[in-house]
Amino acid sequence: MTETAAGHQDSYPPSAEFAAAANAGAELYERADADREGFWAEQARRLHWHTPFTQVLDWDDAPVARWFADGELNISYNCVDRHVLDGHGDQVAIHWEGEPGDSRAITYRELLEEVSRAANYLTELGLVAGDRVAIYMPMVPEAIVAMLACARLGLTHSVVFAGFSPSALRQRVDDAQARLVITTDGQWRRGKPAPLKEAVDEALAAKGDVPSSVEHVLVVRRVGTEVPWTDGRDLWWHETVSAASPVHEAQPFPAEHPLFILYTSGTTGKPKGILHTSGGYLTQTAYTHHNVFDHKAGQDVYWCTADIGWVTGHSYIVYGPLANRATQVVYEGTPNSPNEHRHFEIIEKYGVTIYYTAPTLIRTFMKWGREIPDAHNLTGLRLLGSVGEPINPEAWRWYREVFGDNKTPIVDTWWQTETGAIMISPLPGVTDAKPGAAMRPLPGISAKVVDEEGKAVQLGETEANGYLVLDKPWPSMLRGIWGDMDRYRSTYWERYAEQGWYFAGDGAKLDTDGDLWVLGRVDDVMNVSGHRISTAEVESALVGHPSVAEAAVVGATDPTTGQGIVAFVILTGATTPDDTLVDTLKAEVSKQISPIAKPREIHIVPELPKTRSGKIMRRLLRDIAEGRELGDTSTLVDPAVFEAIRTGGN
Ligand code: 6R9
């Protein structure tokens, strides 16, 4: 066991007990290396194929891959029917916990009935395979039922996060030319119903770039408030779907049949509709959910805290877990509703064993204080996961100590909307994990860290401009950007066109052991006097100080050094700032990383601007740091944060 200068253990091997019982062993890497396509074919056989595939990868039309292309399957059959047919109909699929405290346990048999009713009704509405359906719903069971019903019929769903504005919804509906929108009357937010159907009405009433393609709006009653109604267009779920037959026979579709479109922001204003297909996507989500989370069907209680509006919700609430016959918790509300104990109460109530969340939430829990988790019995937890951004070592250690009783493996999983499933992560029974490192590409996955020219960066090289590239196709990779294949090629494949590599847009380094550290988006890497410094590294150093709860760092233009480091920090509840604190923090960064990384300015602020998916909006902080007019704030959770930062920061 190695120790860092600060006295921290810097590598955490799995316990012997965990390793002995783990789903994945070290031999997976060898098998995948020896015969990559054979390995993926073996993984694909986790699924039920109505027509078995005979070919594995077809890369002739690169960069558009075809996996298992002559095979046929039904995604919904794989996630639901086969578990019932295998005798597990009474197993709970979803322990649903509503925000106001209501709850529902839904077995696989009940899920099959609901999905079948929805599939029958969508068919009655005239929807046919290939049509697009927009789903704009909070975290209610019907959202998952709707996704699975679309998958069952070969309809392509486009889930739009229910926190998005009417104009964002309209833009996505138009882009995909959706025929149907599925929504709810409203959603619970901190004990109060907030309207949602109205937002759909507003979106569809607006004069869009093209006339609205929407024929019907299907509405689930959730909060019971009155909603405006357009006769002929609007339909109640409880009057239609609930009255449909609970029996429906799933038809097979080709492996490359489109499954969903999910919009993600790019460098330009227009969101990109990332397109995923069926067989390869389900293969890799199921494979990773099994091995990375060490999931054991019928034993584990799994909880992924994401929203279905994001890719993590698609791959690790809906498709991966259900394909693996998971029993999982789905929670409708926010972590502090009605108070900060909510997540811990849920973990206790359902006996959660696997918990998968984002660093931003872990740091929020840290800010609230460990007495909150300490008031609960969390001993059921045996594996913890992190996703969404680099996790700073401080938060990693806190997570392991406070949630995991200093025992549980943590899997820091790197992947993207575009990759569809986890790509780089420790294997929990195999890897000696390092806090803050995503470690190694999973068996079957290949990644490189290269410079501008595509030359491999040296191990331990921290000054190089390391870019993360994926140099071999993988089953759950995106198949394009909906309606814009040129943009697909230019965004991801132009940079390393000669080599034929996928450019992920993330900076990375390999340490002297060859382990991979993701440093954040390339645009989050600063250049100070010719030195590349990751915003994540400086943030991590700041958060390492006991007075700091959360930090965001940006590179602001500087006349002498190119960029100067500007930090925004939130203090822990117990701290009262004094005149020396800012200097102390600067010295701390200098000590932890290097004097080069010492921030030019540190602003103590009450809040940080975050997107609705919890990512810090560094672009906007850069605007503040450089004294510019604010750019687009439309994806911010709460634009009022800015006033608070401006007043707090000056
Ligand atoms: C799954 C998801 C993708 C971007 C990605 C990277 C960052 C995600 C990470 C991570 C470091 C991890 N990211 N996981 N960075 N370590 N474990 O988040 O998808 O919303 O498309 O974001 O998130 O920058 O490029 P998406």
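Cβ from N, Cα, C; glycine included.
Features as listed in TrEMBL:
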type: DOMAIN; residues: 27-79; note: domain 'Acetyl-coenzyme A synthetase N-terminal'
type: DOMAIN; residues: 85-482; note: domain 'AMP-dependent synthetase/ligase'
type: BINDING; residues: ARG189, ARG190, GLY191, LYS192, THR312, ASN336, SER529; note: CoA binding site
type: BINDING; residues: GLY388, GLU389, PRO390, ASP412, THR413, TRP414, TRP415, GLN416, THR417, ASP506, ARG521, ARG532; note: ATP binding site
type: DOMAIN; residues: 537-615; note: domain 'AMP-binding enzyme C-terminal'
type: BINDING; residues: VAL543, HIS545, VAL548; note: Mg(2+) binding site
type: MOD_RES; residues: LYS615; note: N6-acetyllysine
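Sequence features, as recorded in TrEMBL, placed on the structure.
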{"residue": "ARG190", "record": "CoA binding site", "CB count, 10 Å": "11"}
{"residue": "LYS192", "record": "CoA binding site", "CB count, 10 Å": "11"}
{"residue": "ASN336", "record": "CoA binding site", "CB count, 10 Å": "14"}
{"residue": "THR413", "record": "ATP binding site", "CB count, 10 Å": "24"}
{"residue": "TRP415", "record": "ATP binding site", "CB count, 10 Å": "25"}
{"residue": "SER529", "record": "CoA binding site", "CB count, 10 Å": "12"}
{"residue": "VAL543", "record": "Mg(2+) binding site", "CB count, 10 Å": "23"}
{"residue": "HIS545", "record": "Mg(2+) binding site", "CB count, 10 Å": "20"}
{"residue": "VAL548", "record": "Mg(2+) binding site", "CB count, 10 Å": "26"}
{"residue": "LYS615", "record": "N6-acetyllysine", "CB count, 10 Å": "17"}
Note the mean pLDDT of the domain 'AMP-binding enzyme C-terminal' (537-615), expressed as a whole number.
88
Is any of the binding-site residues ARG190, GLY388, SER529 within 10 Å of LYS615 (N6-acetyllysine) (Cα-Cα), and if so, which, in sequence order?
GLY388
By the DSSP assignment reduced to helix, strand and coil, which category contains GLY191 (CoA binding site)?
coil
Using other CB atoms within 10 angstroms as the count, which residue among the binding-site residues GLY191, GLY388, PRO390 scores least?
GLY191
Going by Cα-Cα distance, which of the binding-site residues (THR413, ARG521, HIS545, VAL548) sits nearest to ARG190 (CoA binding site)?
VAL548
Cβ under 6 Å from ligand 1: qualifying binding-site residues of GLY388, TRP415, VAL548:
GLY388, TRP415
Give the distance between the Cα atoms of VAL548 (Mg(2+) binding site) and GLY191 (CoA binding site), rounded to the nearest whole Å.
30
Number of other Cβ atoms within 10 Å of the Cβ of ARG189 (CoA binding site) across all protein chains:
17
Distance [Cα-Cα, Å, rounded] between LYS192 (CoA binding site) and GLY388 (ATP binding site):
29
